[in-house]
Amino acid sequence: MSAPSSSPSAPAENVATEGDFLAPDAGQRPAGPTPSQSRFQVDLVAEAAGATEDKSPNSDASSTVPSSDKATPATPQDADPGTGGEEAKGRFRVVNFADPSGSGSAASPEAAPAEGLQNGDTVMSETSLHSSTGGQHHYHYDTHTNTYYLRTFGHNTIDAVPNIDFYRQTAAPLGEKLIRPTLSELHDELDKEPFEDGFANGDELTPAEEAAAKEAAESKGVVKFGWIKGVLVRCMLNIWGVMLFIRMSWIVGQAGIVLSCVIVAMATVVTTITGLSTSAIATNGFVRGGGAYYLISRSLGPEFGGSIGLIFAFANAVAVAMYVVGFAETVVELLAVNAIMTDQINDIRIVGTITVIVLLGISVAGMEWEAKAQIFLLVVLITAIVNFFIGTFIPSKSKESVGFFGYDGAIMWENMGPDFRGESFFSVFAIFFPAATGILAGANISGDLADPQLAIPRGTLLAILITGIVYLGVAISTGSCIVRDATGNVNDTLSAQFMNCTDAACKFGYDFSACKSEKGSCKYGLHNDFQVMSLVSGFGPIISAGIFSATLSSALASLVSAPKVFQALCKDNIYPGLGMFAKGYGKNNEPLRGYILTFGIALAFILIAELNTIAPIISNFFLASYALINFSVFHASLANSPGWRPSFIYYNMWVSLAGAILCCVVMFVINWWAALLTNVIVLGLYIYVSYKKPDVNWGSSTQALTYHQALTHTLHLSGVEDHIKNFRPQCLVMTGYPNSRPALLDLVHSFTKNVGLMICGHVRAGYRRPNFKDLATDQSRYQRWLLKNETKAFYTPVFSEDMRQGTQYLLQAAGLGRLKPNTLVLGFKNDWRDGDMMNVETYISMIHDAFDFQFGAVILRLKEGLDVSHIQGQDELLSSQEKSSGMKDVIVSIDTSKDSDADSSKPSSKATNKRSPTVPLNVSDQRLLEASQQFQRKQGKGTVDVWWLFDDGGLTLLIPYLLTNKKRWKDCKIRVFIGGKINRIDHDRRAMATLLSKFRIDFSDITVLGDINTKPKKEHMVAFEEMIEPYRLKEDDMEQEAAERLKNSEPWRITDNELELYRAKTNRQIRLNELLKEHSSTANLIVMSLPLARKGAVSSALYMAWLEALSKDLPPILLVRGNHQSVLTFYS
């Protein structure tokens, strides 16, 4: 092994020139990066586990310079098994989902192959592209990437070339997932510890999918089918049902050859469009088990998928009963001559029960046996069809009396047109259409196909083509050689006196005219004999075998489909109570519990033995699935998502939409009440799943279309000028972490919910080296927290040097187009006298900045305070409910039912699901907690007092109006207080009443305050002087130069001059506080005009003192100042 150079000065560029390539580092090193030795070392194939050599602190980039062209990589025995799965060790890490800690794996994924790398030769296992699924301990470490990169790019890099294994999901069944070097690894400074690895968007698997993938990876010798055995055979058997043998001839008798062909063509058009749509979805990415459910749920989302999956599985289960009863009826008819056990109905039940038990045995024996049975049944079925066609060419004198004369133009011409007897075109179509269903039989076992993307399109479409041609062939041939009515009596020949006979049979010397005069007297011919194909065929019993084959194969396909679809549905945990059916057994992951359930449902319906009522519902269930598959393709194309790129290109979104509409039309044609019932059931399940909101993200087209529409509407909105009538308060609320100031969040949410935009701004200041990855993680975590708490808001954190700069960033950049905030909402700074006064300077500057940006400003004050983040011991960690990506989300919440909340600025480091032990709260914290939740409760009968002292455009009035429109506040009455002169009180009140009525704002009372300008009480003035004493500059007591120096270093100080200048304004704030206590001490909320301070003229300490004096010792008070542009109008 080449000795690594430990020269601290060797630059990275020189490394590549010293050898043709870099040898793997045989020295073992500690797992995980340390400042002196990071995972960025350019160890080529494997950064092997453990540590024996200590490298110098500065040798990060130059630790592996080979001295020769040959190298022997570390063998697997060298690797430390205890650290086999640790993420920090290797650039290409194999995710070992079976044992995440790696402690159980003996073979390290980083261990390179034992063969030497001779002159950079590639050692590339065959499985690096299509890795085997042979168990979790079989690692195939691909050295190709590194060697190729060195050869190609001529310098040493850990950047990776494109590789299919980077794109696998976490626990992919087809091979191990390699993790490409993260951006942090390639970009960050070398002494900085790399970030945690998360998954790219949408790469996370649900626990169910991980389990499925794990099972798939563990299973050896799994039976997988190709397109013929898996799809073509299944679909053909399912489509060729009993209809082919016992109803097709009757349909020709009723509708005639032409309309029969039209009926077959219409059904084939519907199934072909659905087949094309199925092919498009099946080729848009890797398909797992679950058939129609999987295709629909991954395209349209869990709501549609969950509702269709349940009824589709149920339809298949009941279809088993339908087919088995069809089989039992035929058996009982054959036995009726000499062997009736009890009576006909009970015989059907007995035969049906025995049959379904045998079928269950075949299914449970495994897919291999089931497939062999299907092949055998197909051979029988094809033999029966061929037998029929051969029979049509062998006319027999003995068969003429029952209406079979062989091919003849006259018979064909006579049977061309329709002859409906008690039926109509649509009723005949409704009877035939179920014979065309069954096209999803192959897709339903998608999990058992070797290559679903190839097999589903090829097998399904070919099956539709072949079965369609056979149906047309049977329709034309039966219509061309069999008459509609025959007596079966050999003696019904033409007599001499009846020479005016016009029927086709007359040509052959038979007269069946008696059938027309006596309805129901004839038992033979297309109209009257369902078993006419047995008569025509070369050897009658083969047709009976064909009927058995058709019914049993369809029953078997449905018996396999139902549990497979149901298992996939249960694995996704969309209906929580059904999880027990998700478990699979054996190497093929067979859903035995699902088989038993399907068997139970089928047996129940077999025992009913009356399936005429249930058949149309089943057809409608299948059609609903077809309609949604077609709609899925239309929807995905409409959403224009970059992820929608099926490799099957022969589809069209409008054709798919037409197919979906056709399916719905056919549903109502077949049976209108069954169609209504189906729609009601689908809608009910859809509403249920939407309400439950399963925690899955499949990148559905619903998401894509929502994004597309949001983008379109946002752009469209940007082209429209704002109008006063449409003004909405769009609030930028400085909440910090959203759960740290619940009262602020709840109150603003009360008047913005479904009305305007709400952005929770969070400035994270004072970081020497901001961690932007953390910011992104927090952003998604707290956004989920807001959604979970049903708060309609966006969380927007920013890093900045200080609070003011961060707020400026948000004021300028938050929002999008017209969806931009227009009002800044702050919590009152209750502790302004305790800390650094520069914080007050920053706080007041934020208000000035808001006005500079033409924003309105709103300040909420609760006498108990707003920030609850310091209260410990009430943490409720959401990690159990949150979906974590890469790391556990540890986040704290405020639970309204238990007075609990938590410290959001310092998330706990332990991701535990247990409640922390509750620490007894002190009295002030208890009060703070109660106050913080007061806006979550219904407010009851009370008042919202609006002190509209200055006209700011109407925002001071609009916010209380919006509040009292909400459910929690609707019992509160608005009382309006305005300033006025004592001698004009009535006039002012009338003027305000007129204005409010023009604005159409309800109010209970208007109070005109004539005594605003009265001097406040002396003790209140003294208290104010004492409050501002520490913040005065007192320039008269010092030299001018010293005073200026002090004012420059502490700009918040109050000068004597300014205090004198604004004495009247100061007195007004103190006086207003007295009036507020007098009039509004019992109000649920006070909304008051925010006093303005001229920028640069009023120091921040004085302005803060005004706000303090105005709002202290009061109920919750909202100080509001609009941007002095009208937000209310009385014009229509």
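Every residue, even glycine, has its Cβ placed from backbone N, Cα and C.
Keep in mind that this is a model prediction, so the values were computed, not measured.
TrEMBL lists 1-12, 100-116 with the feature compositional bias 'Low complexity'. What TrEMBL lists as region 'Disordered' is 1-138, 897-923. The domain 'Amino acid permease N-terminal' annotation in TrEMBL covers 142-195. Residues annotated as domain 'Amino acid permease/ SLC12A' in TrEMBL: 230-732. The transmembrane segment annotation in TrEMBL covers 231-251, 257-287, 308-328, 348-368, 375-394, 424-443, 455-476, 542-562, 592-611, 617-636, 648-668, 674-691. What TrEMBL records for 741-1132 is domain 'SLC12A transporter C-terminal'.
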Exercise for the section: Test the contact criterion for the transmembrane segment (348-368) and the transmembrane segment (542-562): 3 or more CB pairs under 8 Å, pairs 6 or more apart in sequence, then answer yes or no. Expected result: yes
Problem - Long-range environment of the transmembrane segment (542-562) - Cβ separation under 8 angstroms, sequence gap at least 6 - result: 234, 237-238, 240-242, 244-246, 291, 313-314, 316-317, 319-320, 323-324, 326-327, 330-331, 334, 355-356, 359-360, 362-363, 367, 370, 373-374, 377-378, 380-381, 383-385, 387-388, 438, 440-441, 444-445, 531, 533-534, 594-595, 598-599, 601-602
Handout entry: Ranked first among 257-287, 617-636, 674-691 for CB pairs under 8 angstroms with the transmembrane segment (455-476)
Key = 257-287
Handout entry: Contact set, same chain, for the transmembrane segment (231-251): CB under 8 Å, 6 or more residues outside the stretch
Key = 225, 260, 263, 271, 323, 326, 330, 371, 374-375, 377-378, 381, 384-385, 428, 431-432, 434-439, 441-443, 445, 449, 455-456, 458-460, 462-464, 466-467, 470-471, 474-475, 478, 482, 526-527, 529-534, 543, 546-547, 549-551, 553-554, 557-558
Problem - Beyond the flanks of the transmembrane segment (257-287) by at least 6 residues, Cβ under 8 Å - result: 174, 239, 248, 251, 294-295, 298-299, 412, 415-418, 425, 428-429, 432-433, 435-437, 439-440, 443, 446, 449, 452-453, 456-457, 460-461, 464, 468, 471-472, 475-476, 479-480, 626, 629-630, 632-633, 636, 643-648, 650-651, 655-656, 658-659, 662-663, 666
Practice task
Quick one: find which recorded stretch in 375-394, 592-611, 617-636 has the most Cβ pairs under 8 Å with the transmembrane segment (424-443).
Solution key: 617-636
Completion exercise
Spatial neighbours of the transmembrane segment (375-394) not adjacent in sequence (6+ beyond its ends, CB under 8 Å) are 229, 233, 236-237, 240, 244-245, 406-407, 470, 473-474, 477-478, 480-481, 533, 536-539, 542-543, 545-550, 552-553, 556
Handout entry: Segment confidence, the domain 'SLC12A transporter C-terminal' (741-1132), expressed as mean pLDDT
Key = 80
